[in-house]
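Quick look at what TrEMBL annotates:
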- 53, 137, 169, 263, 267: 1D-myo-inositol 1,3,4-trisphosphate binding site (BINDING)
- 83, 127, 158-169, 184: ATP binding site (BINDING)
- 247, 261: Mg(2+) 1 binding site (BINDING)
- 261, 263: Mg(2+) 2 binding site (BINDING)
- 86-291: domain 'ATP-grasp' (DOMAIN)
């Protein structure tokens, strides 16, 4: 990604340089290099902003310094790494399927009872609690109460919603968002309670393989812009973030826009305007930081503490 960002910056410099002095501003403003997380951050800086996808590596020793220059707040990003937390957000004022948190391995009757109590319907999608890394794409489709023995807690069980095998991935970059259509799971018969045929075995699959642009899967069968706009506005407020993705489907029965997952800094595949939008967002963030710093200097007679 760093190489691609550099390419788009070079093209922006060339394009904007033809418009006068602003080209010089861009040449001086953007300088990118890769951070070595195995080394202390301070000697590698100073940094104006850090663009990254939070993964298993969290530099706790320099937590305060990172928080000052991350494009999105660290606590907000950390929250999206846990599906239990992100699904609670989705379940507040956003239309999403019924779900159940399974915290630990338990006897099968207890899990079955909890599924009934939460009003979930079969088939169920089972997802890992951890929402990042390659294992987070490993999911299963469960068709019967007996097959609940196939789950591996901690995990989330979510009612499967028939959506015509079409997934809408909404990519948010600052104050802009883009919708990309992807293939998805085909429709399945839906039943409340435990009335589905018990002999249908659990299907294990990788969501990335099913829904990538060039995907081909046995589960894949051969927009509502104003609603998406409202959804993105609501999520920006709830998440306090500017770089995230939302997996959205449209219920074929109710035609309701339904959120099934929220992703931290997604791959932005299929978004041709991503890098220019990212640069615009970075510029906007740094302009605000500069404005705030200048304001504090004016009112206090010096820079704010810690800068």
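Placement of Cβ uses the backbone N, Cα and C atoms for every residue, glycine included.
Note on the binding-site residues 83, 168, 169: the fewest other CB atoms within 10 A surround the CB of 168. Within its own chain, residue 166 (ATP binding site) has 181, 182, 183, 184, 249, 250 as residues 6 or more apart in sequence whose C-beta sits under 8 angstroms from its own.
Residue 261 (Mg(2+) 1 binding site) is surrounded by 24 other CB atoms, counting those within 10 A of its CB over all protein chains shown.
Looking only at Cα atoms, residue 169 (1D-myo-inositol 1,3,4-trisphosphate binding site) sits nearest to 261 among the binding-site residues 83, 158, 160, 162, 261. The binding-site residues near residue 247 (Mg(2+) 1 binding site), taking a 10 angstroms Cα-Cα threshold over the set 158, 160, 162, 168, 263, 267, are 168, 263. The Cα atom of residue 162 (ATP binding site) lies nearest to that of 261, taking the binding-site residues 137, 261, 263 as the candidates.
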